[in-house]
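Record features, source Swiss-Prot:
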DISULFID  CYS7-CYS26  disulfide bond
DISULFID  CYS18-CYS36  disulfide bond
DISULFID  CYS62-CYS82  disulfide bond
DISULFID  CYS69-CYS94  disulfide bond
DISULFID  CYS101-CYS106  disulfide bond
DISULFID  CYS113-CYS128  disulfide bond
DISULFID  CYS151-CYS158  disulfide bond
DISULFID  CYS163-CYS174  disulfide bond
DISULFID  CYS200-CYS205  disulfide bond
DOMAIN    4-90  domain 'Disintegrin'
Amino acid sequence: IVSPPVCGNELLEVGEECDCGTPENCQNECCDAATCKLKSGSQCGHGDCCEQCKFSKSGTECRESMSECDPAEHCTGQSSECPADVFHKNGQPCLDNYGYCYNGNCPIMYHQCYALWGADVYEAEDSCFESNTKGNYYGYCRKENGIKIPCAPEDVKCGRLYCKDNSPGQNNPCKMFYSNEDEHKGMVLPGTKCGDGKVCSNGHCVDVATAY
């Protein structure tokens, strides 16, 4: 059963152009609260691309860029709504070829080390990642049926993340994070560059052309 639209309930329903509540409570200068229609001369009553009852000018930014792989969206000048959030395609090089776009982000190991440990912590030397071939409680590439699968030699940069700590008072060339509560935390993130033209996918270092 579909209830008929009710003007004044602050829900935009079928047949309504706006709904700002009852005439006594309406705070929207663009909307006629008695009819739930836009007032004469108004193009819109709400939305990220609605300013003073008019569509925002074409090109007005309505959603900021979150990363190099997630460009800003801009109003069209024909609608009160911001266009859908779109990303650059997965696999597009980013951050001066240090990474590849993945779902709107540019995952690189340096940023992941920074998120875990803060400043002065960087991606560790390749030798540190060899521990991921052990298949022990922390050094592995993925889990299958609860069993930790060791990394193949070519996949070691798609398992546990290793960082080099250069912060004051620290000298840890192979710093890693492990938690029993969250075993995924401290693993290299999917989509991270693991070699030239290669990214991490399901614990494997694969060609970026075939990953997506």
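Cβ from N, Cα, C; glycine included.
Fair warning: this is a prediction, and the values are worked out from it, not measured in the lab.
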Chain-internal residues near CYS101 (disulfide bond), provided their CB is under 8 angstroms and they sit 6+ positions away: GLU68, CYS69, PHE87, HIS88, LYS89, ASN90, GLY91, GLN92, PRO93, CYS94, GLY191
Confidence summary for the domain 'Disintegrin' (4-90), mean pLDDT rounded: 96
List of residues, in chain order, with Cβ under 8 A from that of CYS163 (disulfide bond) and at least 6 apart: MET109, CYS113, LEU116, TRP117, VAL121, TYR122, GLU123, ALA124, LYS175, MET176
Neighbouring C-beta atoms (10 Å sphere around the C-beta of CYS26 (disulfide bond)): 18
Candidate disulfide-bonded residues CYS7, CYS26, CYS62, pick with smallest Cα gap to CYS36 (disulfide bond): CYS7
Using Cα positions only, nearest of the disulfide-bonded residues to CYS7 (disulfide bond) (CYS18, CYS62, CYS174, CYS200, CYS205): CYS18
Helix-strand-coil residue split for the domain 'Disintegrin' (4-90), DSSP-based: 0 helix, 15 strand, 72 coil
Cα-Cα distance linking CYS106 (disulfide bond) and CYS200 (disulfide bond), given in Å to the nearest integer: 13
Proximal residue to CYS82 (disulfide bond) among disulfide-bonded residues CYS18, CYS158, CYS174, CYS205 (C-alpha distance): CYS18
Pairwise CA distance, CYS62 (disulfide bond) versus CYS18 (disulfide bond), rounded so that it is a whole Å: 20
Rounded to the nearest Å - Cα separation of CYS18 (disulfide bond) and CYS26 (disulfide bond): 11
